[in-house]
Amino acid sequence: GACGGAAMADGEALVSVDYEVSGRVQGVFFRKYTQGEAKRLGLVGWVQNTSHGTVQGQIQGPTARVRELQEWLRKVGSPQSRISRAEFSNEKKIEALEHKDFQILK
């Protein structure tokens, strides 16, 4: 439902977005740093290595915070990582968070 003051509330609306990061992102503590950054921002979701050498997962939280982690995934990553590409998909507004915290999946 659209209500007044949308401009202010927009950054607070909850969103869910999937991500996949390519480059040198496995064996460089990428998941651990992603989890740490997500927790610092108060986001929930998960991160895991894929069989084809990328890292993928899902982020959920307030739009403004999710944007911050997207930027981090694009440009920063863990100290040893080399990010060549970060792709985001399936972005959608959600009513409530679907995860309790931010987990590293095996």
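A Cβ is built for glycine as well, from the same backbone N, Cα and C atoms used for every other residue.
Counted with DSSP, the domain 'Acylphosphatase-like' (16-106) comes out as 25 helix, 38 strand, 28 coil. What TrEMBL records for 16-106 is domain 'Acylphosphatase-like'.
Sequence-distant neighbours of Arg31 (active site) (same chain, 6+ residues apart, CB-CB distance under 8 A): Val47, Gln48, Asn49, Val55, Ile104. Under the heading active site, TrEMBL lists Arg31 (among others).
Annotation comment: TrEMBL describes Asn49 (among others) as active site. For Asn49 (active site), the number of other Cβ atoms no farther than 10 Å from its own Cβ, over all displayed protein chains, is 18.
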